[in-house]
Amino acid sequence: MAFNQRKRRRPVGIADFDEANDEAYESVGFHDYADYFSRKQRKLQNQNAALYKSIDEDSKSDLFHGLAIAINGYTKPSYTELRQMIVSNGGTFIQYVDGKTSISYLVCSFLTPSKARQWKHQKVVKPEWIVDCIKQKKILPWINYRTFQASSAQATLSFVASKPSQPEGNLEDIQTSSQEEEHDNEKDKTKESKAKGFLDDLSGLSASSLHNYQLLKNPNVRNSTTQNQDFLENFFSSSRLHHLSTWKADFKNEIQAMTTASEPVRPIMKDKSKKSRFLLHVDFDCFFASVSTRFSHELRLKPVAVAHGIKNSEIASCNYEARKFGIKNGMYVGTAKNLCPSLRVVDYDFGAYESVSREFYTILVNTLHDYIKVISIDEALLDITSSVSSFQDCFEIAESIRSQVREKTNCEVSVGIGPNVLLARLALRKAKPHNVYSLSIENVFDVLSPLSVQDLPGVGSSQAQKLFNLYGVRTIGQLQRIEKFNLQETFGVNYGLHLYNISRGIDTDIINNETPRRSISVDVNWGVRFVFQEDGIDFLKRLLHELLSRMGKCQVLLHQIQLRILKRADGAPFSPPKYLGAGEVTSFTKSSTFTSATNSFDLIWKKVTSMYKTINVDPGDVRGIGLQALKIIKDNSKIRKDYRSIQSITSRNKVSLKGASVDISSKDKEIISQKKQLSPKLIPSTPYDLPSSSQISSSALAQLPPSMQSDIQQQLRLQKRSITEYPSQLDPLFMVELPTPIRNEVNDNHEIAMNKRLSLKSHADNKIDERGKKKIRQENAFDKLLQISKKSKTINKPNVDYLTLKELPKDLQKQILKESNLQKSDLISEVKLEKPHIVTFQHVQSLEDLRGLLTKWYSKASKGPNIHDVNYFANYVCRVIREEKNLGKAQMMLKWLYQLNRKECNKPWEKAIDKIIETVQGECLQRNIPPLMIF
């Protein structure tokens with residue numbers, strides 16, 4: 001593309017050139033590029049004039065007279081044919097575009113998103129406009145031939161035509177229209193500066209990009225791909241996997257919130273007689289198909305599949321009638337209809353799926369249980385060990401669940417009962433469809449022996465083939481005859497032990513409260529079709545906005561961002577079997593870490609674009625893009641906002657004691673009452689050593705600053721009380737709004753507070769006599785107070801509650817102190833925070849006694865600890881970190897337990913210790929504490 005710096009008249013395209021006397025053919029000065037391109041364009045117009053002269057008079061017309069037209073990219077009719085049409089009808093054909101205002105019309109079949117934004121205010125038409133104008137012999141409205149539609153953000157007006165169109169062939173009207181359009185272009189030329197040229201060179205594109213270029217020329221295809229600005233919204237609204245993952249995360253959070261508040265503290269079980277656990281594995285039968293046909297008795301008896309209905313769409317779910325014909329989930333609709341021509345394909349009904357799933361989990365939550373594990377929207381595991389004593393009790397609960405689900409949703413579920421997760425899962429297979437089945441340790445060998453090894457969890461096709469090649473093993477019964485040593489030697493210590501255990505029905509997986517989510521991701525692997533590199537950049541930006549939107553809903557920040565690219569595999573076809581699908585691909589992954597947690601678009605975008613360019617995949621070969629936020633933490637900005645709101649309430653209701661007291665309004669009293677209930681930790685502190693009220697002179701008190709007078713008066717009133725008033729219960733509406741870690745901490749501290757008497761802090765040496773009354777040392781206390789007042793003329797005492805301040809993260813403490821104009825020295829001299837609460841374990845708190853207790857526990861449980869004991873001890877160590885703030889004590893306990901098992905190498909204990917360490921390290925990570933060094 002060329003830019004001419006000289007002002008010159010726009011060529012009109014008619015034969016008005018005198019080639020012999022034209023200065024365009026004279027020599028060009030050295031390095032005078034502007035003059036060179038000016039002469040070059042003049043020569044091209046001479047060629048157009050020569051072409052115009054060579055055309056028969058009968059084929060000429062002045063239809064495009066006064067219009068300058070350029071062509072961009074591939075067109076149909078071709079570039080040469082369109083040029084001849086324009087020139088023969090009196091138009092000026094522009095081969096090199098100086099700027100947007102140098103032409104009247106741009107003819108093209110396709111524009112990239114960035115070029116479309118550049119030319120959105122210009123007349124960009126399809127090639128058909130040229131052809132139809134010549135056919136009808138008049139200039140047609142260009143708006144009907146736009147290459148791209150107007151932006152959805154721009155409001156448009158609709159007008160009803162009030163006059164009939166003029167008859168064809170009215171030359172006067174045509175010329176008037178042309179002159180008006182020319183006049184408009186001249187106006188635009190004065191308003192806009194010359195823009196950068198854009199004509200795309202398709203010769204540099206790869207074969208895959210050219211294929212996508214041809215594919216995207218179809219507007220229906222283009223609107224179904226990432227080229228559509230609304231693609232993400234449409235994609236996620238109709239994506240089955242997106243709905244499943246979103247609902248699963250929501251159900252996990254909701255169930256965790258409901259169970260955490262009511263979960264009892266589990267003591268170490270001293271009664272070892274009850275060794276067996278009872279688990280229920282509950283699952284819908286053909287969930288999507290059952291929900292879609294639950295109100296149609298006719299469809300229930302016919303083969304039905306749920307899919308989008310397109311031939312190359314995958315079946316999400318099919319009922320048992322369809323499975324009789326060999327149809328399976330994941331099969332293409334076309335293949336399924338070949339097996340069963342009478343197959344009925346129904347579309348997705350995501351609203352019904354969510355409604356039924358919520359009814360399902362409501363029933364499970366209302367069932368007596370210890371824990372619930374959300375597997376998917378239609379499948380869950382329940383631990384009901386504490387609620388039953390035999391398998392017969394489990395059968396009754398399972399049948400109750402089935403009947404309630406049938407009544408509420410008109411769908412069927414199957415239930416598997418077992419002493420561990422593995423056996424409950426295998427029992428569920430036996431129970432399907434529409435039944436209940438139990439599997440105990442006593443009959444495990446009879447049930448497992450005939451099954452294939454691939455029926456075991458964690459055994460894939462490659463491991464099964466390896467077992468067959470080395471040991472001739474096909475069934476679980478054959479696997480049971482292989483020694484543990486041989487399996488560990490072949491597959492490694494851990495996986496070999498896993499194979500040995502699960503073949504005998506031994507499973508150490510446990511069900512407990514769900515851990516907080518560690519990542520948030522956005523993935524798209526359908527409809528991804530790019531032509532140019534900037535297409536991928538544009539879509540990547542939209543994808544990042546979607547990721548940040550999801551992070552905002554979860555109120556989290558990220559420490560690490562990961563980019564995933566799916567590239568068309570070498571030799572794979574450009575068009576996969578699934579319409580606009582990914583097909584056979586190769587995956588590329590790259591991550592980048594931030595020094596501090598962030599949700600800044602600019603910071604993350606800089607990392608993402610750098611990673612995208614580093615991977616360097618041809619844009620035409622990209623078949624999928626994903627972004628994942630890793631190492632996410634809660635955003636403390638909401639906590640800061642809540643704290644400021646409480647602080648503002650305190651400042652509004654502070655009472656000044658200048659001669660007269662001020663009554664607090666009833667509305668303010670209500671606010672203060674609510675504040676006491678919402679913040680049980682906000683206990684007033686006593687920052688001064690005060691004598692009794694009778695020994696304080698009112699004249700001396702008047703010499704102090706007003707803010708200090710108010711604090712002293714308030715403290716004197718509080719000295720009359722022996723016990724601080726404390727709310728007996730927490731507001732459940734407030735607790736639900738808190739993040740899970742903070743809610744747990746508030747519950748723990750509230751329980752501690754209700755089990756002991758809270759007394760006011762004092763910075764003097766307090767002594768309590770037999771009657772329980774405090775004696776405050778009064779020597780020189782008030783003199784010291786006056787000395788403090790003289791050193792600082794005015795102490796602006798901020799409205800900060802230091803017990804609350806102590807519980808906040810360090811960075812948030814600094815921010816609040818800065819905003820309150822409180823120096824670090826003032827905090828040290830005026831306030832002493834209370835000592836951390838010492839947490840006991842089995843009435844023991846010293847490290848020496850704890851070591852003895854752990855040694856006794858390890859020696860008695862030689863076959864491995866009880867899982868409830870493990871959870872209880874892990875929770876205790878977390879409380880040491882959370883309440884005592886004693887990382888050294890927590891570290892020494894974990895090291896001692898690790899050393900106890902180091903010599904014995906007891907595998908059950910090894911797994912239990914790993915579980916404890918994982919829980920404790922998670923607590924550290926949640927509190928932004930570096931991991932403890934155990935090994």
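For all residues, glycine too, the Cβ spot is worked out from N, Cα and C.
When Swiss-Prot is compared with the stretches 517-525, 805-813, 841-849, the one noted as region 'Interaction with target DNA' is 517-525.
Record check: Swiss-Prot places ASP378, GLU379 at the Mg(2+) 1 site, and the matching candidate among ASP283, ASP507, ASP509 is ASP283.
Cβ neighbour counts within 10 Å, taken over all protein chains shown, single out ASP378 as the most crowded of the binding-site residues ASP283, GLU321, ASP378, GLU379. DSSP assigns ARG323 (dCTP binding site) to a helical segment in the three-state reduction. ASP283 (Mg(2+) 2 binding site) sits 14 Å from ASN319 (dCTP binding site), taking the Cα positions as reference.
Taking the mean position of the Cβ atoms of ASP283, ASP378, GLU379 as the Mg(2+) 1 site, the remaining same-chain residues with a Cβ inside 8 Å of that point are VAL282, PHE284, PHE287, ILE375, SER376, ILE377, ALA380, VAL413.
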